[in-house]
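Novice: Pulled these features from TrEMBL for this protein:
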- 1-22: region 'Disordered' (REGION)
- 1-15: compositional bias 'Low complexity' (COMPBIAS)
- 17-77: domain 'Homeobox' (DOMAIN)
- 19-78: DNA-binding region (DNA_BIND)
- 68-102: region 'Disordered' (REGION)
- 92-152: domain 'Homeobox' (DOMAIN)
- 94-153: DNA-binding region (DNA_BIND)
Amino acid sequence: MALPTPGDAALPAGARGRGRRRRLVWTPSQREALRACFERNPYPGIATREELAQAIGIPEPRVQIWFQNERSRQLRQHRRESRPWPGKRGPQESRRKRTAVTRSQTALLLRAFQQDRFPDIATREELARETGLPESRIQIWFQNRRARHPGQGGGAPAHA
């Protein structure tokens, strides 16, 4: 990296390279429109953001950043007040329950993993029959195992 020379200060701003973006100052009406939209949906899609951006006369990427920043502010506020953050999911949308895997199921899966880190569908279905776990959970188990133990097991080598 080259050090600045005394002559660099004389160059126009555009010639000195990219500096920080100028801070955008929101008008009260823009702020009100952003907050109203945020109240309805803190995670608006691209179409909503573009529509809002056009309505308030601000580029869509700046609107997207405003939403990210506002979610961050709300999260910090919730943490300060020790309240749970509602997040993306509504009350009816809950996360899948964690699949309990017994020691005997784990032992079987580990043996299979030692033989092949990337089992095909037929092998996963056979493991599903043997363990009593759904094939989709077997597939996830292998993905997680490969991610957590990159150098372990046989089969295809880990990708760099």
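A Cβ is built for glycine as well, from the same backbone N, Cα and C atoms used for every other residue.
Heads up, TrEMBL stuff is auto-annotated, nobody curated it.
So where do these features actually land, and what's packed around them?
Specialist: With helix defined as DSSP H, G or I and strand as E or B, the domain 'Homeobox' (17-77) counts 42 helix, 0 strand, 19 coil.
Mean pLDDT of the predicted structure over the DNA-binding region (19-78): 91.
Under DSSP, residues within the DNA-binding region (94-153) fall into helix, strand and coil as 38 helix, 0 strand, 22 coil.
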